[in-house]
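A.B. asks: Take this structure, written in structure tokens, and hold onto it; I'll ask about it next.
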Amino acid sequence: MKPVIALVGRPNVGKSTLFNRMTRSRDAIVANLPGLTRDRKYGEGELEGKHYIVVDTGGITGEEQGIDAAMAGQSFTAMNEADVVLFVVDAQAGVTPADEMIAKELRVRGKPTILVVNKIDGMQPEVAAADFFAMGFQEYMYTAAAHNRGVRSLLEKALEPFPEQEPLEGEDDSGIRIGIIGRPNVGKSTLVNRLLGEDRVVVFDQPGTTRDSVYIPYERLGERYTLIDTAGVRRRKNVSEAVEKFSIVKTLQAIKDAHVVVLVLDAREGIVDQDLHLLGFAIEAGRALVLAINKWDGMSQDDKDEVRREIDRRMGFVEYAQIHFISALHGTGVGHLYESVHECFDSAMAKWSTNQLTTLLEDAVSQHQPPMVNGRRIKLRYAHQGGSNPPLIIVHGNQTDALPNSYKRYLENTFRKVLKVVGTPIRFEFRSGENPFAGKKNKLSPRQQKKKERLMKHVKKLKHKQKRKKSR
């Protein structure tokens with residue numbers, strides 16, 4: 001599991017700046033979900049092969065009321081999810097009552113904590129931090145996040161207890177890994193148990209923190225699968241509980257580890273912003289995708305038609321996804337999910353030869369030529385595969401950086417159709433060969449210079465004669 005680092009502190013101590021520094025090593029996946037998680041941002045980062053998740057919490061002052069109190073509660077939830085807490089304080093402001101309140105809360109919870117004395121710009125670190133030592137934290141670091149000072153050392157310190165993550169077992173050992181994601185109470189728990197089989201006693205108690213996703217290996221019709229369940233640690237008797245614990249950390253982990261992601265939606269509630277945020281995580285990761293529209297039974301035909309129209313309108317940008325209308329409670333349509341999972345897996349993990357891809361590229365170019373740039377045609381010469389899950393196709397040519405998005409979409413649609421890729425995105429990377437003469441002027445020899453001068457004189461004489469003829 002990736003270690004989870006929570007940034008905790010009162011407002012305006014530099015948590016967001018530190019968050020941006022810690023996640024800049026790769027594109028941060030940031031979520032601001034309405035309601036439940038709009039006050040927490042989640043990002044991913046990497047340091048020397050160690051991957052981690054960062055949680056940027058809302059500020060805590062100890063005097064919150066209303067929605068601010070809810071935000072403070074989310075910060076404490078982040079502490080529970082975290083493997084290590086970075087308690088950020090402002091060196092220039094000194095110790096405040098809010099700092100002391102947070103320190104007390106952290107001591108009660110007993111989480112591994114590093115005191116981060118931020119904003120030490122132009123100050124003696126030891127002098128600036130002297131007041132904070134009374135809080136009793138053994139681990140402390142000095143940073144100036146705005147200037148990126150001390151951030152790397154802080155990360156090294158925070159990640160020190162965690163070994164490098166070993167890759168998951170291969171396909172032969174664990175089979176197809178299916179990640180089940182969705183917002184609370186859309187029926188993930190019911191679907192998980194339906195997929196595993198009614199007669200199976202499912203006990204998902206597993207050591208670890210409450211944010212651990214549960215990996216459940218099982219067999220069906222001789223095929224091996226591993227179900228990555230994010231619905232929470234629970235026993236079968238509690239599956240009917242109305243309130244279901246939800247964690248973006250689990251969702252990110254499940255998407256990252258899965259071959260195929262099943263996003264569960266509630267047909268009766270329709271598509272909400274939180275569904276689209278979760279969908280965005282799956283798209284960002286490039287995972288094969290199956291949409292399971294749950295609670296489809298008992299709906300009127302008009303309501304069903306409205307749901308279909310809403311899916312077309314709000315999720316049209318992910319047209320490659322396989323869509324199933326199911327009832328996890330009664331089992332309707334659940335068996336067909338496996339068919340799509342297999343199709344998606346085969347497409348996501350497919351291997352194609354360079355010869356096959358280059359021939360396909362040549363056919364696509366011959367049917368629809370790339371546009372001209374500065375009077376020269378963009379050339380696409382050959383293609384080869386660069387990776388799987390999602391499939392990555394690397395196209396080599398010249399001036400590829402000028403290739404318009406419309407032509408890239410044409411290539412994606414053509415490759416998808418001919419290669420029969422379903423359920424997974426195809427990513428393209430375009431590379432141009434370097435021009436050795438770019439930026440260089442051709443220096444003429446003395447003989448070439450004289451020839452050029454003669455030609456220029458000749459051209460001038462011709463122009464002069466033509467001018468005289470016109471004047472007559």
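Using the three backbone atoms N, Cα and C, a Cβ is placed for every residue, glycine included.
This is the feature table in Swiss-Prot:
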BINDING   182-189, 229-233, 294-297  GTP 2 binding site
DOMAIN    3-166  domain 'EngA-type G 1'
DOMAIN    176-349  domain 'EngA-type G 2'
REGION    433-472  region 'Disordered'
A.B. asks: Near Asn185 (GTP 2 binding site), how many other Cβ atoms are within 10 Å of its Cβ?
C.D. replies: 15
A.B. asks: If one looks at the chain holding Gly182 (GTP 2 binding site), which residues at least 6 apart in sequence have a CB under 8 angstroms from its CB?
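C.D. replies: In sequence order, the residues whose Cβ lies under 8 Å from that of Gly182 (GTP 2 binding site) (at least 6 apart) are Lys188, Leu263, Val264, Leu265, Asp275, Leu278.
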A.B. asks: Going by DSSP, is Thr230 (GTP 2 binding site) part of a helix, a strand, or coil?
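C.D. replies: In the DSSP reduction, Thr230 (GTP 2 binding site) maps to coil.
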A.B. asks: Determine, from DSSP, whether Gly182 (GTP 2 binding site) sits in helix, strand or coil.
C.D. replies: coil
A.B. asks: Least buried of the binding-site residues Lys188, Thr230, Trp296, going by other Cβ atoms within 10 Å?
C.D. replies: Trp296
A.B. asks: Could you tell me which three-state DSSP class Lys188 (GTP 2 binding site) falls into?
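C.D. replies: Its secondary structure by DSSP: helix.
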